[in-house]
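Here's the structure, in structure tokens; my notes come after.
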Ligand SMILES: Cc1cc2nc3c(=O)[nH]c(=O)nc-3n(C[C@H](O)[C@H](O)[C@H](O)COP(=O)(O)OP(=O)(O)OC[C@H]3O[C@@H](n4cnc5c(N)ncnc54)[C@H](O)[C@@H]3O)c2cc1C
Ligand code: SF4
Ligand code: SF4
């Protein structure tokens, strides 16, 4: 099936879409957004520096129509979310967003109800437009580059006035994909630096239980739970935290909880995906060592 | 020989004439208060046995006139009692003199003169002076924090000086009279003064009367004899100051002399702040033009009883001293709230809506509605009701609520329970447990589970153990298929509207099922049912589980073994102070172990910190639950028992700071542990 | 200025995973119905704009009549009226076509706001589709909106930070949640007033669905069973942990 990838030039993001495209074709075509070389090998490549979805819609829809693509892949990101609906409507295409699994014959899977259910769809009419959820497909290694033709964009409707990049250090706790939290089991304020180090390496943030906040070992702004911040990271490391329900209320949407606790009965293990029954003072330095080496 | 009234005083009757303007001043002053207070809203007075019009007679006599509450602080209480009752007796004495002058009532004869007019009145004067001195020294040198936080009331010194002068001039006038006329049997103070002070010399002529008279006391009405002149001075000063005192009452903190009994007489003696339910029908009504204020934004939104509260408040700070919020560094002080409102009232700012901000929303929301302040207040002020009215305004009119409480509030609005983010489903608590569902016409008791027990893991245990107890005793009970909340948290957060919605929903289901008797696990549910559902048309026979267990025990349906554990019982505010259920839980505890009391117990119990929606609060300052748990642990009891799921959760959390052991249990858990298998 | 906010009523999105069950491939009907999480942010944003620019505000919803009481809350937050297109489709294109019909009926709408994604399907497609059907500009993940010289100044959240955009004309924005648009609690008076505000019910129009067949919906088996990692060799333990986390794409 003739497949088009539309994505910002960023190797990991491109790589993931290339991986997905292999389900449909040998080599996809690409519209690469942004400046610079287009990494990877494609049949055909177009490029534009425009990254505002609204300005891209007409050109991309036109291209899909002209080239008769059957599958179009975006990532489930700001640009992808901005393109999928309008492009689909322009072309009367079928769109499935936030795809996390692909099966043969245009059968795709996506989560709903906040991940509490997963739906499987069969797409019966092309073009099929899919937005792919990040971190579900192993990014393909992109070798070499492909020379790209310029995609002409009509007079832009929306103009960019300013762009702010969040500093990668000090990710806000609520937004962090990795949260390393310490509880009363930390035994004192000093060892929070271990958590800090790990959070820094993983570009995450440090959190705390109320136990630790109560003891004055962590700032109240770091408290996670019912009376603190509600977080939904990909991984939540609970270090020396017993897992009281009020604490768990704050991590209900964490995807994976790793618990490090020396008490095998601790409630946190009921919520955890991975558990390590040990003194954190042994585990944390080892973890940081391995992470640092990588 | 009897005493002669107005002895040595010419035109003595003038003092009675002078009384007229002074009393007029008094009346005018009181009228000014009345005018202010009248601007409050009328209130609905519930019926109560022993009530005369709006007046609760018993409270009027005990708390109002006898001032029984003052004696909870024995030293201050006795000092105040001496001063007050001393003054009352002296006033009676004066009134008798007046009766003697006008109608010749023979008060100056025989033993009545000796033992009442002389002895008792001297004693009264001495007591009053002693009380005054104590209060002066305490305030001057050992002033407790409660008097000065957030500020001290003006007027104390002038009152002390005034009262002191009245008493001293009275004694001196008496002594001068005695010095001249000879000992007056019974008047031990006067006699002593006449014999042991310069007065004696005055009378004996060893000091030239004229010297003193000439320099200090220019003769009055033609009398020249120094001690007679001195007597006249003292007499007139005494009389005029006493009149001034009466006139001063409405313009000073003394106003409480009048208002405290009034306030006591008007205070509904049911324990707790008695929030009542709100009527929203005028909002539904298309025609209605005037909709009532929701809560209170300004003084005129309060009932006149509240305005009397603010006028009566002594600023004594007894409430501040017992308030869990004030004692743990929150912005709230019930006295502070009273002070702010009293000042607004005094400044005539009755329509000023900056009131809530002057109190501060932080303060308004940190009240746990524990009612400890009410319990401590000597003059029957209902502080929590004022605070809750302000809170109602914040949430219902301004939509203001602290962030976390707001989350619980919106969960309550959306899901009919406040436990946002709970990991528990409706049926989790009864997993692997067979619990009968209430069947119309068949089941006797509805076992009401409530929100915390349904959705909070630790609290779920209470229901499981209660089910075990009921099964053991063979009670006919059932639960509702769907778990819900009574709405109490909404009410505590100030949203009466949401409360009514939830309550009406429950009442409807209860009537469909024909529910008549309810067992509650949570005192908040209990309180809602008996106090508020009844006003919305849902009248049931409601029994808190602690009481129900006691009844089962007494009727021999529970086969219990007594353990050797020492058990410290924490009174939940909504069971103890607010509903006077103090003995039953203790009897239950005593029958399964050895009851231990904390220093603050029964009606003086200290809140766990979880009330008033503050279970969902980011506490500033010390945590209330840790303070209470520390107090419980200090008794060295083996376990801490309570009879409220919120208390259980708060104390469980509080104990984590001090021990790794599980210390806190619900009374049902403890009883269930002691059930003998038969 | 006339602002329309799209709102969808969904089953409780906070039902704990352990208590979640399906019937007919959808969340069981026993769950409480409520406004979608982001939709509330969108309504709040709409109300703020209304207050700032003295605009009028209409709530538009596609769904069931039973949901009107829930939608009244949106009115109570500060809207003038509610338009409900009654229908049951879950197809993004059908929903968009019906919303378009409602907007066309209103005639004078300048700005359309919608929650970033619905709290049941978690899809985030309808608003973009609708924009294109209306021929309007679509901007996703908008956090702030200001009207400026007849156009709009918008902040958009992206994966790496934020962007300030500017454009003239009418648009459809999907709204994300930020501290500034935490939904307000409607005042009690507003709740009563909302009961008296008009609710316009419109029957659904025929429209083509997308070529997508739903094959199945399943509840993923939650392997919430904790996997305990052996701790004999700590170095090994942490390596296993990291490998597993990466394998399952948590890291
Ligand atoms: C109304 C209310 C609201 C609350 N809100 C929150 C909230 O928002 N957030 C919150 O976190 N809590 C909250 N709590 C408190 C909650 O109930 C718990 O008390 C708190 O979470 C306990 O913190 P902890 O797990 O750090 O401490 P603990 O429960 O004391 O647990 C410490 C753990 O560390 C382990 N440990 C000890 N030493 C080591 C070691 N060397 N290595 C590894 N493990 C070790 C122990 O085995 C234990 O499991 C709230 C409570 C209430 C009542
Ligand atoms: S009810 Fe309790 S918390 Fe509230 S003011 Fe009174 S003592 Fe303080
Ligand atoms: S409210 Fe009562 S206890 Fe509090 S300061 Fe006033 S008089 Fe004293």
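Cβ atoms here come from the backbone N, Cα and C positions, even for glycine.
Look at TrEMBL and you will find B:6-31 (among others) tagged as transmembrane segment. Beyond the ends of the transmembrane segment (B:6-31), by six or more residues, the same chain brings 98, 101, 177, 180-181, 221, 223, 228, 231-232, 235-236, 239-240, 243-244, 246-247, 249-251, 255, 258 to within a C-beta distance below 8 angstroms of the stretch.
Residues annotated as transmembrane segment in TrEMBL: B:82-103 (among others).
Annotated transmembrane segment per TrEMBL: B:115-136 (among others), in sequence order.
The feature transmembrane segment is assigned by TrEMBL to B:156-180 (among others).
Residues or ranges marked as transmembrane segment in TrEMBL: B:200-221 (among others).
The feature transmembrane segment is assigned by TrEMBL to B:233-251 (among others). Sequence-distant contacts of the transmembrane segment (B:233-251) (same chain, at least 6 residues past either end, Cβ-Cβ under 8 Å): 8-9, 15, 18-19, 22-23, 25-26, 28-30, 32-33, 94, 158-159, 162-163, 165-166, 169-170, 172-173, 176, 217, 220, 257-258.
What TrEMBL lists as domain '4Fe-4S ferredoxin-type' is B:304-335 (among others). Here the domain '4Fe-4S ferredoxin-type' (B:304-335) has Cβ contacts under 8 Å with residues 33, 36-43, 72-73, 144-153, 253, 255-256, 259-260, 262-263, 266-267, 296, 341-342, 345, 360, 362-364, 366-368, 370, 372-379, 381-387, 389, 604, 606-607, 609, 619-624, 627-628 of the same chain, all six or more residues outside its ends.
For the domain '4Fe-4S ferredoxin-type' (B:357-386), the mean pLDDT of the prediction comes to 94. Under the heading domain '4Fe-4S ferredoxin-type', TrEMBL lists B:357-386 (among others).
Assigned with DSSP, the residues of the domain '4Fe-4S ferredoxin-type' (B:304-335) fall into helix, strand and coil as follows: 19 helix, 0 strand, 13 coil. Remark: secondary structure over the domain '4Fe-4S ferredoxin-type' (B:357-386) totals 18 helix, 0 strand, 12 coil, with classes taken from DSSP. Listed by sequence, the residues of this chain that lie at least six past the ends of the transmembrane segment (B:156-180) yet keep a Cβ under 8 A from its Cβ atoms are 7-8, 83, 87, 90, 122, 125, 128-129, 132, 135-136, 139, 187, 189-191, 193-194, 197, 199-200, 202-203, 227-228, 230-231, 234-235, 237-238, 241-242, 244-245, 248, 252-254. For the domain '4Fe-4S ferredoxin-type' (B:357-386), the residues of the chain that approach it from at least six positions outside its boundaries are 59, 63-64, 67, 69-70, 72, 256, 259-260, 263-264, 267, 271-275, 296, 302, 305-306, 309, 312-314, 316, 318-325, 330-334, 336-338, 340-341, 344, 394, 400-402, 405, 492, 573, 577-578, 603-607, 609-614, 617, 624, judged by C-beta separation under 8 angstroms.
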